[in-house]
Amino acid sequence: MKVAIIGAGNLGLAIAKGILHSNGATTMYLTKRNTKSIQEFEKYGNVTVTSDNQEAVKNSDILIFAVQPGHFTTILEQTKDLLTEKHVIISTITGFRIPRIEEIIGSDKYIIRSMPNTAISVGKSMTCICSNELGKKRIDLAKAIFNRMGHTLEIPEEQMQAATVICASGIAFWMRLIRATTQGAIQLGFDAKEAQELAMHTCNGAASLLIESGSHPEEEIDRVTTPKGCTIEGLNEMEHQGLSSSLIKGIVSSYEKISHIRKA
Ligand SMILES: NC(=O)c1ccc[n+]([C@@H]2O[C@H](COP(=O)([O-])OP(=O)(O)OC[C@H]3O[C@@H](n4cnc5c(N)ncnc54)[C@H](OP(=O)(O)O)[C@@H]3O)[C@@H](O)[C@H]2O)c1
């Protein structure tokens, strides 16, 4: 696989590391305008660091674009004449819709749109992907790339904004829940470091239980709630205070905001 990451910033480098650490590329081009900060990547023998996007496109098959939205159109314009039937274009650019990409480079290209989250830097991203009509032929390839860095789900493009809220903003929502648990643990007598350790590993364990068993959260809750016991006492108090309701309302507010931003 000959891969180019166009825009090797936070996300681009996280993707590059995920691919390199799993030996997923025969060659890799990493591009940005100021390459000094990423020069060290050339220590991987198969990596070329350059500010020349055209060189990267010419010498690669899979093009992963990870620039800021404001730079994307110009870069596509500068490279579109170099695109051939070998190229698969994977965009990570938030809010940049596939029809807009097709307008610039044509619909006769394999175009994939992806929405990873920041956990990609530790190989645990929940990444949603969709494609144009032709891109459906390469969607398994894109899934295979992102599965190296977590879990991937194919969705219709219309759900991309909702996925952004649940998966990208979702990282912040879960962080707040972990922090709140940490604060509770401190109040119960653990020091701050231990409290966070308890909170984050319990969170990790809870998610892993569901992922590995395929069970429903309520089944797992039933396993730990003794009748008249302390867990149900705590859970019901949290619900009286609006735990589920506030999470759902927060998610819907985020979605309304992202929808409003898109229309603006
Ligand atoms: N971070 C996330 O978790 C996340 C999640 C999902 C989607 N996204 C999307 O991913 C994109 C990148 O986000 P980010 O956080 O990684 O941004 P970032 O750190 O700012 O990275 C963007 C990179 O693009 C480079 N760049 C700018 N102009 C360029 C050009 N003409 N040619 C080549 N490279 C160029 C910049 O470096 P120079 O200035 O040196 O050129 C910079 O390193 C955004 O569109 C964002 O919406 C991010």
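Each Cβ is built from the backbone N, Cα and C atoms, and glycine gets one as well.
The domain 'Pyrroline-5-carboxylate reductase catalytic N-terminal' annotation in TrEMBL covers 2-93. The feature NADP(+) binding site is assigned by TrEMBL to ILE6, GLY7, ALA8, GLY9, ASN10, LEU11, ALA66, VAL67, GLN68, PRO69. For ASN53, the entry in TrEMBL reads NADPH binding site. Taken from TrEMBL, the feature domain 'Pyrroline-5-carboxylate reductase dimerisation' applies to 157-258.
Taken residue by residue, the domain 'Pyrroline-5-carboxylate reductase dimerisation' (157-258) breaks down under DSSP into 88 helix, 0 strand, 14 coil. Sorting each residue of the domain 'Pyrroline-5-carboxylate reductase catalytic N-terminal' (2-93) by its DSSP state yields 40 helix, 22 strand, 30 coil.
Sequence-distant contacts of GLN68 (NADP(+) binding site), defined as residues of its own chain at least six apart whose C-beta falls under 8 angstroms from its C-beta, comprise GLY7, ILE93. Spatially close to ALA66 (NADP(+) binding site) yet at least six residues away along the chain are ILE5, ILE6, GLY7, ALA8, GLY9, LEU11, GLY12, ILE15, THR92, ILE93, judged by Cβ distances under 8 angstroms. Site extent for NADP(+): the farthest pair of Cα atoms among ILE6, GLY7, ALA8, GLY9, ASN10, LEU11, ALA66, VAL67, GLN68, PRO69 sits 14 Å apart.
Within the same chain, the residues at least 6 positions away from ASN10 (NADP(+) binding site) whose Cβ sits under 8 Å from its Cβ are THR118, SER121, listed in sequence order. Counting every protein chain shown, the number of other Cβ atoms lying within 10 Å of the Cβ of ASN53 (NADPH binding site) is 24.
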